[in-house]
Amino acid sequence: MLSSSGHAIRRGITTSAALSNKHAFIVGAARTPIGSFRSSLSSVTAPELASVAIKAALERGAVKPSSIQEVFLGQVCQANAGQAPARQAALGAGLDLSVAVTTVNKVCSSGLKAIILAAQQIQTGHQDFAIGGGMESMSQVPFYVQRGEIPYGGFQVIDGIVKDGLTDAYDKVHMGNCGEKTSKEMGITRKDQDEYAINSYKKSAKAWENGNIGPEVVPVNVKSKKGVTIVDKDEEFTKVNFDKFTSLRTVFQKDGTITAANASTLNDGAAAVIVASQEAVSEQSLKPLARILAYGDAATHPLDFAVAPTLMFPKILERAGVKQSDVAQWEVNEAFSCVPLAFIKKLGVDPSLVNPHGGAVSIGHPIGMSGARLITHLVHTLKSGQIGVAAICNGGGGSSGMVIQKL
């Protein structure tokens, strides 16, 4: 067990602006709808979902598939997805056989870290076109049986989602218990989290109604024996029951604050972001959507993962050359409602600028995809000249963040 003493833990922070004179531009971004657990997208594999997102990002950015030189895709639960899942997605999207592909696992930060890696390849001059994104089919994550002799009394079946995605590897507790620790230490109540989550659901519904989310989404054709079903909308925000919201029992601790309603859900989806150099943008007469100003990672004690995103700021903003007051929109992943609430409380961020169109609580949290969804959403909702920030925590006490400017 790791010590929770502030003196015993080294808080690591890494940030970066451009690593050379090269700028990294986002020229295309798209995502699939997010399906509920074992629901509309459950028969589609994670690589297949990512292929759909990559194709859409290429088409919308007017980028030729043959231009892509490297791909980074996040995925957390890779068991039974087949060899090199990101490679499957790249080839499934029609990219060249010569494209270099890497699957990234930084738990919930995987999708955003993949975009950071793509940006670094552009900034250092290694590539002119790269894709960063994330994918997850939590519906298809298998159960595990330990290899070896079967003991007397049978064997235990292990849930792959819980084991590899939702359990702290050091203290052997569910991530929700870590969230409860943060809630208690920061005075974030059950009422605070319920109110936040209810607003998240309402904001997501309104955003879909007003056309704030639709433009970033590409429909997925789901084949079955009955034919083809077109899934073109997020599912999770439509399934809320506000009448039962505040009466649900807490999930992780008897006297706790986190419930099934004010936490994120298990979901399926994928997102892809195309990053290009200034030279490539000029040569192909592309219209860039945004410029990547800075990014970074931070880490603290694994039990305190919920506050890890706050450790990156204001350092990343300083590297980007902007002030906190310059940020028009903060996309902070809602693994649990206490995460954005802690972010707002610690940094003094204007709550109205945080997740204005809802977040993972109401939209869904396919864990390998979510970081890429944050950037995809910012690219499509910021107005020209505005600054946007994406921040996401991850198991093990880590986090990743990025600052972009809409062009």
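Placed from the backbone N, Cα and C atoms, the Cβ positions cover glycine too.
Owing to the predicted nature of the structure, the values given are computational and were not obtained by experimental measurement.
What Swiss-Prot records for 1-20 is transit peptide, and it gives sequence analysis as the kind of evidence. Among the features that Swiss-Prot reports, active site, acyl-thioester intermediate is placed at C108, with the record citing sequence analysis. Annotated K(+) binding site per Swiss-Prot: Y201, A260, A261, A263, V361, in sequence order. Look at Swiss-Prot and you will find Y201, K244, S264 tagged as CoA binding site, backed by similarity to another entry. Per Swiss-Prot, the feature active site, proton acceptor maps to H365, C393; the stated evidence is sequence analysis.
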(message) I need the most crowded of these recorded positions: A263, V361, C393. Count other C-beta atoms within 10 angstroms of each C-beta and give me the top one.
(response) C393
(message) Need this for a regression test: recorded positions C108, Y201, A261, S264, filtered to those with Cα within 10 Å of H365 (active site, proton acceptor). What's left?
(response) C108, S264
(request) Sorry to bug you, but what's the C-alpha spacing from S264 (CoA binding site) to C393 (active site, proton acceptor), rounded to the closest Å? (result) 13
(message) Quick check for the class: what is the C-alpha distance, in angstrom and rounded, between Y201 (K(+) binding site) and S264 (CoA binding site)?
(response) 11
(message) Whole-number answer please: how many Å between the C-alpha atoms of A260 (K(+) binding site) and C108 (active site, acyl-thioester intermediate)?
(response) 18
(request) Report the same-chain neighbours of K244 (CoA binding site): residues 6+ apart in sequence with Cβ closer than 8 Å to its Cβ, ordered by sequence. (result) A261
(request) Going by DSSP, give the three-state secondary structure for V361 (K(+) binding site). (result) helix
(message) Cα-Cα, whole number of Å: V361 (K(+) binding site) versus S264 (CoA binding site)?
(response) 4
(request) Just name the winner among A260, A261 (the binding-site residues) by count of other CB atoms within 10 A of its CB. (result) A261
(message) Please list, in sequence order, the residues in the chain of the residue listed as 'active site, acyl-thioester intermediate' that are at least six apart in sequence and whose C-beta is under 8 Å away from its C-beta.
(response) V76, N333, A335, H365, I367, G368, S370, G371, I392, C393, N394, G395
(request) Determine the Cβ neighbour count for S264 (CoA binding site): the number of other Cβ atoms within 10 Å of its Cβ. (result) 25
(message) Quick check: in three-state DSSP terms, what is K244 (CoA binding site)?
(response) helix
